[in-house]
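K.L.:
Take this structure, written in structure tokens, and hold onto it; I'll ask about it next.
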């Protein structure tokens, strides 16, 4: 019987997330709250743990305090069995530079690979919403004999400038012939003229091949030290890279409706849209799949409660996620996500919005198509999200699609 391959997982969690500002003004992108009680990194870590990979290092850099705290409070594996989720900041082990890119982050952390001594290295991003069985991807990688495998997902052609693009051999659809980051155009898929194959930012490498590629990249002058922009093209040009088609991935408990759901939430619009996906009557991503759970830190708070207000009007929430500690006192909530300890007072209306922890909505206030970060207080009678010019004058962020975003701890003038 052959020895089972030893796997080390590396999670790239140092991203700044500029397109998610102001949500990333005070935290790293992987630490941005999602769906009430989660952080974005919980999806990557849950997928790895559910896949059976329990030796995980998380490389951090940008404003990592809340991320580090979340990891220490939530992701405690049994170290007696050799399992761990370890947060590793930039340490200047190979010079005086901080991490110069995703590939350089791994290169500077090569000691972690040496210490773990794996056969296979799985590298994943920390800021996507999805379920995935990485064990199947690793198995297909080993069977292929390739040195590098990248997970690919179909995306509409109009999104080509937003992703790393995978082009394959028509005679061998798994073999990558070209990998390029965010090109202006690319050829559509042979079986679908409206789609191309995008990189999911998830990779599997033979350990020795990855180490050699990182060392080669470090010696080059014309490099961004990026996994997608530099390392994957290195393997593609050598004919040593294959693609793993995400449509073939199947996790326990998935349905035809939510199978292969994957969302890059790197913009305010995509972040908002992903929340709206969760609250449809038939959600396209099912948080309630207990066969493949998404783990997180469970906040200590009493159950959510809806009660009548002083005028006798019932507190109502429909088509919404209502987290522990939420109190709706005669208010109206529709098509929204309410994080822990949110309060909605009587005669207030909250529609199509994402409210983070401890947001307070005063009596008679109206909130529509908004993302309100932690601790935002909306005074009684205030309207947010219906008057673009007024919200801009308040210093709020308003997107082209009309989303209004209030940063953490924002206070409205009464």
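Cβ atoms are placed via backbone N, Cα and C, with glycine included.
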K.L.:
Given that Swiss-Prot lists 181, 182, 199 as binding alpha-D-glucose 1-phosphate, which residue among 145, 164 does it place in the same site?
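P.N.:
The one candidate that Swiss-Prot places in that alpha-D-glucose 1-phosphate site: 164.
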K.L.:
What is the total of other Cβ atoms whose distance to the Cβ of residue 199 (alpha-D-glucose 1-phosphate binding site) is within 10 Å?
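P.N.:
A 10 Å sphere around the Cβ of residue 199 (alpha-D-glucose 1-phosphate binding site) contains 24 other Cβ atoms.
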K.L.:
Over all pairs within 164, 181, 182, 199, the annotated alpha-D-glucose 1-phosphate binders, what is the largest Cα to Cα distance, rounded to whole Å?
P.N.:
10
K.L.:
Only counting partners 6 or more residues apart, tell me which same-chain residues put their Cβ under 8 Å from the Cβ of residue 181 (alpha-D-glucose 1-phosphate binding site).
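P.N.:
Same-chain residues close to residue 181 (alpha-D-glucose 1-phosphate binding site) (Cβ under 8 Å, separated by 6 or more) are 164, 165, 226, 228, 229.
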K.L.:
Please list, in sequence order, the residues in the chain of residue 182 (alpha-D-glucose 1-phosphate binding site) that are at least six apart in sequence and whose C-beta is under 8 Å away from its C-beta.
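P.N.:
The list for residue 182 (alpha-D-glucose 1-phosphate binding site) reads 160, 161, 162, 163, 164, 165, given in order along the sequence.
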K.L.:
Can you list the residues of the same chain, besides 164, 181, 182, 199, whose Cβ falls within 8 Å of the alpha-D-glucose 1-phosphate site's Cβ centroid?
P.N.:
163, 165, 179, 180, 183, 198, 228, 229
